[in-house]
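Heads up, here are the entries from TrEMBL:
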- 20-40: transmembrane segment (TRANSMEM)
- 60-86: transmembrane segment (TRANSMEM)
- 107-130: transmembrane segment (TRANSMEM)
- 285-303: transmembrane segment (TRANSMEM)
- 310-330: transmembrane segment (TRANSMEM)
- 342-361: transmembrane segment (TRANSMEM)
Amino acid sequence: MGILFISMKILDKFIIKKFLVTFLFVVLLLCAVICVIDFTEKNDDFIKTQPGLHAILFDYYLNYIPYLANMISPITIFIATVFVTARMAARTEIIAILSSGVSFVRMLVPYIMGSALVAVITFFLTGWVIPNANKTRVAFEVQYIKNKFYFNGRNVHIKIGPETFVYMESYNNTIHTGYQFTIENIKNRQLLKKVKAEKIIWQDSTKSWRLENCDIRFWDTKGKEHVGAVAKMDTVLNLYPKDFESQHHLYETFTNPELNDYIAEAKSRGADDLEIYIIEKYIRFTYPFAIIILTMIGVILSARKTREGAGLQIALGFLLAFIYIIFFIMSRSIAQTGSIDPLLATWLPNIVFSLIGVFLYKTVPR
């Protein structure tokens, strides 16, 4: 019994090492291939906008590679699992392990340990490290790759406080100026104050807004109306030029605390288009579980020695991995339309593949 325990500890280290080394190799290989394809697609943009080699390498690709590696981690972990296990099965190593009295569940332990380590690292990277890297990457994309952004919203209504509402007919984000601006203070459904201005202009030096050609109306405690007008008036509002800038992949630039704060603030403003941010929040928690689930499926699927060798099992592993991707993308897209609850949509691929894993465990010969 003691010899078996020592043997299993050695075997655990062997499998974990093999598993993690293969995982890193697959990650680096796929990242290299995708980066080459990405550069080919964006080369025309780089030539047109001339960001410079240093910016391309260090502002974009240095921050893009961690983002990419994390995004494909469920696929790469699955492919690595299938590759390692199928090769062990082809060399009859798994048969020898099981014949020595080790249960299949016990053989899963080093895989679970390895995938759990990757899952924990992925959660930390997704929630804190990668969003900070994405700030630079997304800013690069907005400046050099995407078309210049022009805010084209009309008749904009925003709640900027519990009792404060603003409206503007249009806004020019290039000169930070809004037109036909109105701010209202309403308490218990009663209008207390209303200010209308022809223009509202951001003052960067004072971090405030300047209202021009203002008409002011307010009501005192007795309900008497007072009317006035001023040519210019500076005021501080819970409203900023960034609220009218490009939202391109903004959700990817928030750390977990920042994402929670953004969702809470947007809800307090009455925003109703937060699905993409809520989905991003849930996905960051589902990704680590996906890594563990796909690892277990990979072991179950490829532990059997076949006449066709490891090639067929590896090919099947690729197929299942891409089925997971398609399923994940579809459920996310459906959730963004509001057709399904975001929490259910983000967990649905994991739930389905967990059931597939249980089915395979009970039915696939080993």
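Cβ from N, Cα, C; glycine included.
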Six or more residues beyond either end and a Cβ under 8 Å away: which residues meet both conditions relative to the transmembrane segment (285-303)?
70, 73-74, 77-82, 85-86, 88-89, 94, 104, 107-108, 111-112, 114-116, 118-120, 122-123, 126, 310, 313-314, 316-317, 320-321, 324, 346-347, 349-350, 353-354, 356-357, 360-361, 364, 366
If I count Cβ-Cβ pairs under 8 A between the transmembrane segment (60-86) and each of 20-40, 107-130, 342-361, which range comes out on top?
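Against the transmembrane segment (60-86), the leading stretch is 20-40.
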Mind checking which residues reach the transmembrane segment (107-130)? Cβ under 8 Å, same chain, six or more beyond either end.
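Same-chain contacts beyond the ends: 11-13, 15-16, 19-20, 23, 66-67, 70, 73, 77, 81, 85, 94, 97-98, 252, 255-256, 284-285, 287-289, 291-292, 295-296, 298-299, 303.
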Excluding the flanking five residues on each side, which residues at least 6 beyond the ends of the transmembrane segment (342-361) place their CB within less than 8 Å of a CB in that stretch?
275, 278-279, 282-283, 286, 289-290, 293-294, 296-297, 300-301, 324, 327-328, 331-332, 334-335
